[in-house]
Amino acid sequence: MSGRCLRGTQACPGFRLQAAGRGTGDGRDLSLPLTEKQSLLVKELQSLAVAQRDHMLRGMPLSLAEKRSLRLGLALLSSLQALTPWRYALKRIGGQFGSSVLSYFLFLKTLLAFNALLLLLLLAFMVGPQAAFPPALPGPVPVCTGLELLTGSGCFTHTVMYYGHYSNATLNQPCGGPLEGGRCSPRVGSLPYNMPLAYLFSVGMGFFITCITLVYSMAHSFGESYRVGSTSGIHAITVFCSWDYKVTQKRASRLQQDNIRTRLKELLAEWQLRQSPRSVCRRLRQAAALGLTWLLCLGMALGCAVAVHVFSEFMIQSPEAAGQEAELLVLPLVVGLLNLGAPYLCRILAALEPQDSPVLEVYVAICRNLILKLAILGTLCYHWLGRRVGVLRDQCWEDLVGQELYRFLVMDFILMLLDTLFGELVWRIISEKKLKRRKPEFDIARNVLELIYGQTLTWLGVLFSPLLPAVQIIKLLLVFYVKKASLLANCQAPRRPWLASHMSTVFLTLLCFPAFLGAAVFLCYAVWHVKPSGICGPFRTLDTMYEAGRVWVRHLEAGGPRVSWLPWVHRYLVENTFFVFLVSALLLAVIYLNIQVVRGQRKVICLLKEQISNVSAPTSATLAPTFSVIWVTLPSTPLPAYPQPLRTFPCMPQLLRGFVCQTSDPEQYVHFSASDKAAVRQIPRDLQEPTGLGPWGRV
C-alpha cells in the first residue's frame, strides 16, 4: 500500500469525515456533532506522517481556509509534542530493553508532573505576588561570582529563591498606620493580601494537592497493574492481538515489532520461572545467604547514618568553615559519596544470594537502598531542625537550611553525572575490551531510589526555598537525557527478561509513604513547633509559623461583618483537628475501597475464566462453544417459563444462566434456567447451577 490508506474503507480518516458529513446531503451530520467530528479528524491526522497527512488533506472535501487552519494547528501540536523528551524515546526504550527499564523513565515522567503542579501553585500565590511587590533589601546586593550555582548563597540569598526574602507585610496597599515591630497594620475594614498567610497556605495547599494526586495515581496504577487475575492465555493475546494495523511507517513498525518481541520474552521467562521447582536444600541455602546479606546491609546503613551525624556535628562546631563558600559543599559531598558508594557495596553483597526471580532481586535491592536513604535523611532532618535551629538562633536559619538543601540537590545531580560517566561508560569499555564480556545491565533499584531521594529533598526544602521544585524540574529533564543516552550506549537488555507489571505501583507506593509522608511530618513539625527566626521571613514576629493564621483571624474579626464567615472557616475547618482526621480518614477509605474494588474485579475475572472453561469444556453430551446453537429436547408438558408444550427446538447456551430457546413462534424466544430440572435432561452437569429464572430475551 506504500503507507497510504484505502479510500472508502474504515482505515482512512478522510472516509470517516466524509461518511459523517453525508448524512443529510447539506453537510449536516445527524450522528455526530461538529466538534466531535473535528476532534476525531485531528486525532486521526495527528497519528499520520507529514507526507501522508498532506495527501489526506488534499483529498478531503474542505475549503482552503479549513485546510490551512488544520495544517497550522497540526504543526503546532507536532512542535509541542517534539518538546516533550518522552515522545519517541519511551517507545524505543520499551521495545529494546523491556518494561522493567521503561518503568524507571515512566516514573521520572511522573515526578516531572508532580513538581510542575507544585511549582505552578507556588508561583501563582506566593512567588509571583512577592516579586511584584519586592521588599527593601537590608544591604548592598552581593556580586555574583558563578559559585552560587553550586552553593546557592551569595547573590541568590536576597531573592525569591529563599524564605528570608519574603515580607511579613501586606502587598497590595500601603500600611494603615505605623509599623509595629516590623509588621504592617492594615486599614480597618479591608481584606489585604496577607503574605505570611499566603506563604503558609500556599505550601500547605501544595502539599495537600500533591497528596491527593499521589494517592489517585497510586490507586490508578494499582488498578492498572492488578486488574488481570492471571497471565493465562496472555501469550496468544500478545501474538494475535498486539499488532496495531494503523502503523504504516517503517520506523514505527520496527518499534512495534521490538515491543512485541520483548514482551513475549518477558512472558515466557515468567512462565518458565513458575514451572521450575526448587529443592528444600536450595531454599535453606538461599535463606541463610539472604539473612547474612541483610545483616551486612543493615550494619552498613547504620554506619552511614553515624558517619553523617558525626560529620554534621563537626561542621556545626567549626564556625571558620561556615564562612567560606567552598567549605559549604563538604557535607553534601560526603553524604553524596555515601549515597553513591553504599548501593554498589550492597550490589556486591547481593552476589552472595543468587535469586531465582529477577523481580524479587530488584525488590530486595530497592528495600536495602531505601533503608539506607531513610537512615541518612532521618539524620539530616535532625541536623536541620534540631541542631541548626539551636546554634543559629540569632541568624536567618531558614535561609541556611534552604541553601543546604539546594546544595544537596545540586551535588546529587553532579555525582549522578560522574557516576554515569565513570561508573557506566568506563565499566562498559572495561567489560568489552578487557574482560570480553557483554555490556552491563541498567541498575533499576539504585536509579529509582536516586529519583526518590532527590524528590524527598525537594519536598523537605519547599518551605525554606519555594523555587526548589523548579531546580528539581531542570534536574529531572537533564537526568532524562543523560540516562537515555547512557542506557542506549552503555547498557544491554536484561539477560533474564522479566515482566514489570507491578513496578510502577511499587515506585509510587515508595514515593507516597516513606518519602512524601516523611516530608509532610518534617514540615508539620517545622510549622507547629519550631520558632521562626526574628530577623527575616514572613513569620519573624511570631512564635510559630502556624500562629499567622490566628493573627489573620483577629484582623478579620476587626474588619466588620462582611468577612465574618472567614474566621468561622478557619476556626472549624483549619484549627479543628477533627476535620484533619476526617480528611485523613476519607483518604484512607478511598485507598482501601480502591484496593477492595480491584480485588473484587480480580475475583470476578477469575470466576468468568472458570465459567468460560466450564462452558467450552468437552462433555459427554454434544455441546458447542458459547454463543453457538445447540438442540435441546424439552418436555411436552407446559413449563412455568412458557405455558405451551415444547418439543425439540434450537437453543443457545448462556454463560451459566440457562438457555434461550426458540418457540413455535419464529419471532418469540424463551429463557430457561439451568436449575429447571425439567428442562435440562440433556444439559451437562457443569451447567446445572441454581442461578434462578432469567428474563425473556432474544438470540
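Glycine too: its Cβ is placed from the backbone N, Cα and C atoms.
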Residues flagged as transmembrane segment in TrEMBL, choosing from 48-67, 448-467: 448-467
Of 71-91, 197-217, the range TrEMBL labels transmembrane segment: 197-217
Segment proximity, the transmembrane segment (197-217) to the transmembrane segment (405-427), 3 or more C-beta pairs under 8 Å: no
Feature contact check the transmembrane segment (101-127) with the transmembrane segment (448-467), CB under 8 Å, 3 or more pairs: yes
Across the domain 'TMC' (396-501), average pLDDT on the 0 to 100 scale: 89
Listed stretch, out of 101-127, 197-217, 287-308, 505-528, that has the most CB pairs under 8 angstroms to the transmembrane segment (577-595): 197-217
Maximum Cβ pairs under 8 Å to the transmembrane segment (362-385) - stretch from the list 101-127, 197-217, 287-308, 505-528: 287-308
For the domain 'TMC' (396-501), the number of residues DSSP places in helix, strand and coil: 78 helix, 2 strand, 26 coil
